[in-house]
Amino acid sequence: MGDRSERSSARRKRRTTISGDAAGAHAKRGGAGETLSGQLKEKEQRHETPANKHKNHNDAGHDSFSCHKLQESLLSSNSGYSNYRGILNWCVVMLVLSNARLVLENLIKYGILVDPIQIISLFLKDPYSWPAPCLIIVSNVFIMAALYIERKLSVGTVSECTGTFLHCINLAALLFVPAGTVLSVSSMTPVGGVVALGVFTVLFLKLYSYRDVNKWCREIRRAKARTLSRSHSCPSVHKANGTTGYTHVSYPGNLTHRDIYYFIFVPTLCYELNFPRSPRIRKRFLLRRLLEMLFLMQLMIGLIQQWMVPTIQNSMKPFQDMDLSRIVERLLKLAVPNHFIWLIFFYWYFHSSMNFVAELLQFGDREFYRDWWNSETIPYFWSNWNIPVHKWCLRHFYKPMLVKGVNKLAAQLAVFFMSAFFHEYLVSVPLKMFRLWAFLGMMAQIPLAYFVGRFLRGNYGNAAVWMSLIIGQPIAVLMYFHDYYVLHYGNTAEGVTA
């Protein structure tokens, strides 16, 4: 019996071995990967516990049905999302719709107020008397005076002290002669006075730079003659032209009528012997800028006549009655058209007009403004919205003060003071009244700059800069118009109710 049972057991083992070999051969034919996978599954099934079963079930469900992942909302600052084009388009649509309502309300209430004849009367009170254009023509006398003073200095006919004294007289006359003319000539309109004084102010800054750069060139020439170091030379006077089509000019070969008048007309306040030049005049670019200038000029004049003037006139009654709530309401109502016109003026002057003149004269440096709309501080705005003035202040006023030992804060305050003076000069003199609102408004930028820089950051600082632009300018406009209205019309005229 024992032998029989052992033989039966041996036969069963052989059958298992044969079947296993057959299965292995079949697996080899089907692929070695399936055999390995099957063996691993069998091994996992033998050692599978309830916990492993639950874990495997969760993993399978997570891989098959998961619809979530670690991520931020789009409007969160940590999301990195920046494509807000649709929201920007929505803002533009809302702006157009809201202003369309205001335009329709204005037309229904006042009718069409745009009058081309009235535009001419703003510049000319008497058609036979043109004081502003005549005053601008007289400015050539001061240009020639600066040129011939420099020629005398270049050959040593006059000393540096005498030349400096003559330049000071010429520059002082540039400010006082037109101011006295505007104040004394009765036929000078406020708008004509602003244009004439603006031209003379620009000419003052240009000739100041012209005098400085030529003085630096004389210092360099004397240093070369004495074979001394040139460490104090001005780097800007050595800049070459942008293209090889223009001859490099060296001192005193720059003291010509052609050179100084080119500098007078190019859109910059800082003089150089060799300006960067563009290779050619782009006629299409020139035509686009010209059409922009014409269209935007008409648009600004129309908006002033149709929108701003009625709002300002209706503001006189609340000012006379000292109705604070109505004054605030009129201020906010004036803020929208005033800011809109200011933005149009910025594009018209700093982009269209300056690029037109630069293209016509092949002037290569077209950086007339930077991204002031992203300003998060007041100083950043003032140093980026008007690059020609900023470069002049930095080169001819701020840095020379630092060289003389003045600390930075005092130099910055001096720059603001000078800017405040010219703002008041360009407003009070043409209006023939001195109220210092523009001067105080500019000086108020100093504590505002400290507050914004100290307590506001990022978007809050940018919003504060925009608020100062939107609200600050209408306050000055209303104050000057109110004083002008009271000075010339007294209390006899009644304000029109809104």
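Glycine is treated like the rest: Cβ placed from N, Cα and C.
Owing to the predicted nature of the structure, the values given are computational and were not obtained by experimental measurement.
The feature region 'Disordered' is assigned by TrEMBL to 1-62.
According to TrEMBL, the feature compositional bias 'Basic and acidic residues' maps to 40-62.
Outside the transmembrane segment (87-108), and at least 6 residues removed from its termini, the chain residues within Cβ reach (under 8 Å) are 306-307, 310, 336, 340. What TrEMBL records for 87-108 (among others) is transmembrane segment.
The annotation transmembrane segment is assigned in TrEMBL to 128-149 (among others).
Per TrEMBL, transmembrane segment is recorded for 161-185 (among others).
Counting same-chain residues at least six beyond the ends of the transmembrane segment (191-208), those with a Cβ under 8 angstroms from any Cβ of the stretch are 122-124, 131-132, 135-136, 139, 142-143, 146, 167, 170-171, 174-175, 178-179, 181-182, 263-264, 269, 271, 389, 392, 396, 422, 425-427, 429-431. Annotation source TrEMBL lists transmembrane segment at 191-208 (among others).
Feature annotation from TrEMBL assigns transmembrane segment to 290-309 (among others).
According to TrEMBL, the feature transmembrane segment maps to 331-350 (among others).
Taken from TrEMBL, the feature transmembrane segment applies to 409-428 (among others). Here the transmembrane segment (409-428) has Cβ contacts under 8 Å with residues 175, 179, 194, 197-198, 201, 379, 382, 393, 397-398, 401-402, 434-443, 445-446, 480 of the same chain, all six or more residues outside its ends.
The active site feature in TrEMBL is assigned to His423. Around His423 (active site), a 10 Å sphere centred on its CB holds 17 further CB atoms from the protein chains shown.
Per TrEMBL, transmembrane segment is recorded for 434-452 (among others). Residues of the same chain lying 6 or more positions beyond the ends of the transmembrane segment (434-452) and with a Cβ under 8 Å from any Cβ of it are 376-379, 382, 413, 416-417, 419-421, 423-424, 426-428, 461, 464-465, 468, 472, 475-476, 479-480, 483.
Annotated transmembrane segment per TrEMBL: 464-482 (among others), in sequence order.
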Beyond the flanks of the transmembrane segment (290-309) by at least 6 residues, Cβ under 8 Å
102, 106, 110, 112-115, 118-119, 334, 337-338, 340-341, 344-345, 347-348, 351-353, 356
Can you work out which residues elsewhere in the same chain, 6+ from the ends of the transmembrane segment (464-482), have a Cβ less than 8 Å from its Cβ atoms?
312, 315-316, 319, 330-331, 334-335, 338-339, 342, 375-378, 381, 427, 431, 435, 437-438, 441, 445, 448, 452, 456
